[in-house]
Structures are given as C-alpha cells and as structure tokens.
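Notes to accompany the following structure.
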C-alpha cells in the first residue's frame, strides 16, 4: 500500500509515515440500547499531523463513529465490539468519569460541532465557555485566562477578541460563532481534533474561510484531524486520507488522490458520480435508493441492493475490509475484478 | 431597561386602581353591612338609628362618591380609620405587613429550594426509583390544599408532643420563638409551590440536557456539576421563574388561612377578622396591600429574566 500511496501523494505520506498513530479504531461496533447496531465494523487510523476525512451519506454511521470515539454517544449508546485506541491507550469502554479523569474530554480530544448556534450555550459568554476549556490546561487567574482567551480568539481570526470574550453567542455571526467554537475546542490543547460537518450550517461564502482556518491550525499545531463530511469538495481541500462509510461500515480507505481520481469501490464511484460538475446541462448521476435502516440491513454485502456491479454471490457473503492486490483497502467481494477492470 | 420598568410600574398602578374599585364594590354587595353587624347585639333597633349610624360613617352617600372620598384619601397617604375601633388603618396594616412578608418570603424561598432541587434530582435520576418517588410526592403535594396541610402539620406536631410557642413574637424581640412560629406555616405553604416547581424544573432540565450545547460542554471537559448546575439549570430556569411568580400569588392567598391556623398576626389574619366584622376600610386597605405585593413580585420576576437570559436583556434595551 505504501509504495503506491507514496507515489500519489509523496509529501503527506512521508510525513504520516514517520509520525505516530494518534487514533486507531479497529472493528468497532456501536449499538443503542443493545439492539440497534448503528455501526458494525469501523476501522480507521489517524496519525499526528494527518487529516482523515470520513465521508458517506446520511445514516452511514460517520457521526456515530466520532461520537463513539469522543464518548458522547449519549443514553443507551455503547461500543460493543472492537477497539478504540488513543496514543495506544484502549479507551472504548471507559465511563464518563474515567474519560474526564484521563483527559479524554477536551484535553486530549477536541470536538467541533456541526451547528455552532446550537453547540454554544446561549446564556454564557464566549469567554466563560472558553475558560472552561482553558482551565483544563491548568491555567488559573482571571487576568491570565482572559489574556489567553483573547489570544485564542485572535488566533482563529475574530476581529475584536477582547470584546468577543464578553459577547454572548447570539451577538456573533454564524461564521464568528464557528471560529469561537474552534477556539474553544483547541484551547485545551488536544492532540486529536474531531470536526463533525463543521461547515454544513454555515453560509457558502463563510465555509471556505472556516475550512481554511481548520486546515491551517491543524498543520500549525500538528493535530490529528478527523473530519466528518458528505462533501467531496471539502475532502479534496482538507484531507490527506479518506475513509468512505456505508451502512455503518468503512467500505474503502485510501489517500485523497487515489479515492478521488480512481475510486475503486462501487459505492465510492457512485458517490463521486453524484457530484454536480458545474457544467451547464450536465446530468447528475444520482445513486438510487438510500442507506438501509440500521434495523434492516440486507444480508451479504450491505451495498448490494444498490450496487451496479453486484453479483448473485453478493447477496449471501459479506465482504471484509481488506487490502486488494494493488494495496487499496476496500470492502468488496469483487475487489480484484474491479481492479483489473480499472487497469 | 429603565423604560421597561417605568412602563411596568404604570401598568401596575392601573391594576391597583382596578383592584381597589372591585374590592370596594364587592364588599358592599355582601348582605349585612357593618351597621347591621354592630347593632346585631343591641335590643331595639329602629330604622332611624340605622340611618343615623350609616350617615355618621358616610355610608348613606352614593357609592361612587364614597369611592372617590376613599381613593382621594389613599392618594394623599391616608388609609382611613377602622370603622370598629377608630384606629388608623395604616398603623394596623403596617403592623401586619411584616409577619406576612416574612412568612411568604420564607415560604417562597423554601418552595424554590425544594422544588428546583427536587426537579434537578428527578431529572438526573430519570427513570429510577428516586425519580418515581419525587414525582409521586409532587403529585401528592400538588393535590393537598394548603389549608389541610396546615391543619395536618399542627396536629402532627401536637402528636409528637411539640407545641409551637405562643403568643407570637416578632423576629426582633425573640428570634428563636419567631423562627419556630414561622417555619411550620412557611413549610406548609411551600410544599405546594415546591411540587409545582419540581415538575416544571424536571421537564425543563430534561429538555435542556438533550441540547447540543450540553454535549459540546461535555466534550470540552466540563464537570458533571458544571453541566447540570451551571449550563443546564441556568437554561432551564426561565420557565421556572415564570411559574415562581404565579405561584407567589397562590402562596399569598394561602397565607390568609395559614396565618389564621398558626396564629400569625399578619395581613391575612387582619383581613379575615375585618371581613367577619365588615370593617370596610380595613378590608379595602388589606386587599390593596396584597395587590401591591403581587405587582411588585411580578415586576421583580420580569426583571429577573434579564439576569438569566442575555437575549431578553437586550430585547428590552
């Protein structure tokens, strides 16, 4: 895998090849109330300084995956199989208290949410919420907290950081709120940053600014970044590697270059084909149907009912996520066929 | 903010005028006026004597004129004199106001403490036995009238051999006796308030704890107490404060009977006796005082929204 990948994206890969793995998820399954399996087999790796995009349709399990990693699944949600390791430390079965004690909430994993208007507490000032994160670093004292808080807000590009500290969320614009949210997520100096569709709720004009900011900070601070998105444009701009998810499973991983230029898995191909090209009159190839409900997953390959390349075999045997002959990692019974077809 | 307060104050005065008018007319519509009451014990009562008495008290004039005379007195700070004892009403109200304020403030504080506390606990313990017990208790106390709860408290205390010291002492003269005299009626009054508040607090807390900003706060490492008592409670407090205001009105009406039961010489006790004796001037002044307290409390409730929610604070300025 490395041989081919390094040809495609030499810089990013030599970098990630040497730096240690920050987050490693293997075969993780998540259920709610022990019944509904919303994630069945998720395996991802992210190194320090590397950005991994997690892409898929709504209901593919990408948000649940990151919530499971951060321990924010909520009532009834639990990791039932597989492992989640942060810097080599197994964290999949920790209680909230234990997570807090080990600094997994905030201090080592920072999280940016989809909608900054709802993720910021409306009745607390930005400064107060920033202080909660700052205090995790051991910083004390009103003056020190204020100075550091203003520094962070300046760092994320808020025009008037001192004033913004005393603002309530509703007094800021949507883009400013997301910048403040990013500052709060990073203020506790985590090594892993998780961004769950950080620009979906923002105006198109603001989206690029916020994405650039996240990318810049990720590089500056040498963060491991997991970015959840359903937008290949975001993937191309932001990520080093991609994991494509379908029906609660990772179905293909690879470098951004590989996935976007030569998608191999039929689902990845269908996703890419459904992107509007921007050419007038060009038809978009829609992928018919939708992700099956977690309670009604088909037997065999989960994608086979919608798959253009499905064989009778796909209805019965479930493929595993494994390296194909050319080093691409994918979950498909026809992986080797498709590769030959590709070449 | 100041404009808002002034507007509310003007509105409050209008409400007071309406209250004054209503109580003035209503008390005169009750059969058996004060003259009848006063002469009830006398033997031979001639119509002339009744007429003479009424004229002496100014009750023979048209009701509109009586009202204007009384209202004019109030505007100039004169509440009139008791029709029975001839003592100035303002002195009676002044003496009765303090025990009532003390009782109702203690009761509302206890009610808020128990109610919000139980609501937060029930939300934290959602679905467990503790939650069930708290919810059952709140239903029970919501259903029991204050009057009966008062009598029950008194009887219960007597059964375990405890008697509230008598006569009534003010806090200034004997704090310990005063505390014993006020704490039980305050408790009896507070439980109904607590019951209503706890149900609302529970549901408001549950709604807020499902919000995204709670999850985000958890993600940045905020402690459990910070999450529930800081972020969740402050957001849940707005509907709770509204209810607290309306509950204060209920509580105030409850003081009339509770003061009677526990022998607290407050406004309620004064009003109770004045109604029995048809002492018009005292009744009117007492009801007006109740109205004034209610209006002030509502104003305070309205102002306190701004303390909790910056968005309301801004909308007003």
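The backbone N, Cα and C atoms fix where each Cβ goes, glycine too.
Annotated domain 'ABC transmembrane type-1' per TrEMBL: B:97-301, in sequence order.
The transmembrane segment feature in TrEMBL is assigned to B:9-30 (among others).
What TrEMBL records for B:103-125 (among others) is transmembrane segment.
Using a Cβ-Cβ cut-off under 8 Å and counting only residues 6 or more beyond its ends in the same chain, the transmembrane segment (B:137-164) has close neighbours at 118, 180-181, 184-185, 187-189, 191-192, 194-196, 198-199, 254, 257-258, 261-262. Per TrEMBL, transmembrane segment is recorded for B:137-164 (among others).
For B:176-197 (among others), the entry in TrEMBL reads transmembrane segment. If you look at the transmembrane segment (B:176-197), the same-chain residues 6 or more away from its ends with a CB under 8 A from one of its CBs are 99, 102-104, 106-116, 118-119, 137-142, 144, 146, 149-150, 152-154, 157, 164-165, 168-170, 240, 243-244, 247, 250-251, 254-255, 258-259, 261-264.
Here TrEMBL flags B:282-308 (among others) as transmembrane segment.
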Long-range environment of the transmembrane segment (B:9-30) - Cβ separation under 8 angstroms, sequence gap at least 6: 63, 66-67, 70-71, 74, 275, 278, 280, 283-284, 287-288, 291-292, 295-296, 298-299
